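Some features that TrEMBL has for this protein:
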- A:11-75: domain 'MrpA C-terminal/MbhD' (DOMAIN)
- A:52-70: transmembrane segment (TRANSMEM)
- A:90-111: transmembrane segment (TRANSMEM)
- A:123-142: transmembrane segment (TRANSMEM)
- A:149-166: transmembrane segment (TRANSMEM)
- A:186-209: transmembrane segment (TRANSMEM)
- A:191-300: domain 'Na+/H+ antiporter MnhB subunit-related protein' (DOMAIN)
- A:221-241: transmembrane segment (TRANSMEM)
- A:247-270: transmembrane segment (TRANSMEM)
- A:282-304: transmembrane segment (TRANSMEM)
Amino acid sequence: MTLAFDMILCLMIVGTAAAALLMRNALAAIVFFIVLGNLLGLAWLAMDAVNVAMAEIAIGAGVTGVLLILTRQRLMALGDDLVSAEMPGWLRTGALVACAGFAALIGSAVLSVAPADDLGGSIAALMPGLGIENPVTGVLLAFRAYDTLLEAFVLLGALVAVWSLAPRGAWPQRPAALALAENGGHGVAAAFGRLLLPLALVMAAYLVWAGSDLPGGAFQAGTVLAGGLIIAAIGGAVSWPRADDRYLRVALVLGPAVFLIIGLAGIAQGRFLFYPPGFEKALIVAIEYSLALSIGVTLALQVAGPPVAPDHEG
Amino acid sequence: MDTTDHFMLAAIALLLALALALFRAWHGPRAIDHVMAAQLVATSGVGVALTLGAARDDASMLDAALVATVLASVAILAFVRERRSTGRKPRETQP
């Protein structure tokens, strides 16, 4: 029974990926990309990798899909007909060869990992010292905390890059409003945004807390928070702050800053990112809550785009 | 056939229903048909995650389904924003 499920899912994933690549209609291609994200999430679930499944569903299908849909709208508003130019044959063939080579490289890398390689076992042996039970959180926040710290800064750097695209004169205004342009349906969207933002907040808080012992964590929670913020912004329940807003700046740097300060405090104990014994879980949860807030706000503002001059709303 | 098999069977049925939605995602013909197909896929995906969680007896898969539920609605809201409705308006009803 499980085999049949896996086979059908694999076929659908390959078919959906092909459709997303080959569709001429930009909207249909975006839709297939969102479907692909959802199916990949199900595939991770089928492999019992619930942490990855959550991240894929939230980021791959959720926020990236919204980003693509909004990009399409903005391109159409600029008069782009969304038809890609014909590519010369050598470029197509070259792209095909490059992508196939890359896929083969990844495939060989994955297959070179021996199934008996007991990485999970060696991590499980280290976990009792941390006071948390989710090995993925253990790897992200303790054993490879350096990577996660850098990722948090990369996300912040990406927002700085988006902001630096702001036209002259727009800085430091607000990003373009996402609110519905039409009046019809505005009430529905506004009520939905007001309903969903608190729900998303509760869920993000829950996901971080659950992430210590169960699948979940700061990135998943931050994405849920970003989704709630985007929905509330489309409904007009919240409006984007100015880019120089003091509270906004604090929310953006809180996660990376708390992470960095706790990491630097570890130097006093011996080395960078060292958690003093007995305080591991408290520090990890503190880092994760502040990271989730910063990730949520950063992702929402990346979707919102660079600041625009007040007379160019929309 | 035990309970696990029943849940897996339900998951397969939901997955096949999801595959039918892909027909609309491919054909359209209107823009809203594509987007509604994505919504149907997301909803069915939540169903598959729930049945899979029941079959594996893994409560954390319900959390994954919750995440999918919250974020599925963002796409359609993003789509309907700033878009002239090309379909017919619903007929005025007398109060």
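Using the three backbone atoms N, Cα and C, a Cβ is placed for every residue, glycine included.
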Below 8 angstroms Cβ to Cβ, which residues of this chain, lying six or more residues outside the transmembrane segment (A:221-241), approach it?
55, 58-59, 62-63, 66, 174-175, 177-180, 186, 189-194, 196-197, 199-201, 203-208, 211, 247-248, 288, 291-301, 303-304
Checking distant contacts: for the transmembrane segment (A:282-304), what same-chain residues at least six beyond its ends satisfy Cβ-Cβ under 8 A?
63, 66-67, 70, 130, 132, 137, 141-142, 152, 155-156, 158-159, 162, 175-176, 178, 204-205, 207-209, 211-212, 217-219, 221-226, 228-230, 233, 240, 248, 251-259, 262, 275-276
Could you tell me what the rest of the chain brings near the transmembrane segment (A:52-70), counting residues at least six beyond its ends with Cβ under 8 Å?
30, 33-38, 40-42, 44-45, 178, 207, 215-216, 219-220, 223-224, 226-227, 230, 299, 302-303, 305
Could you tell me what the rest of the chain brings near the transmembrane segment (A:123-142), counting residues at least six beyond its ends with Cβ under 8 Å?
51, 148, 211-217, 275, 277, 280-281, 284, 287-288
Across the domain 'Na+/H+ antiporter MnhB subunit-related protein' (A:191-300), what is the average pLDDT of the model, as a whole number?
92
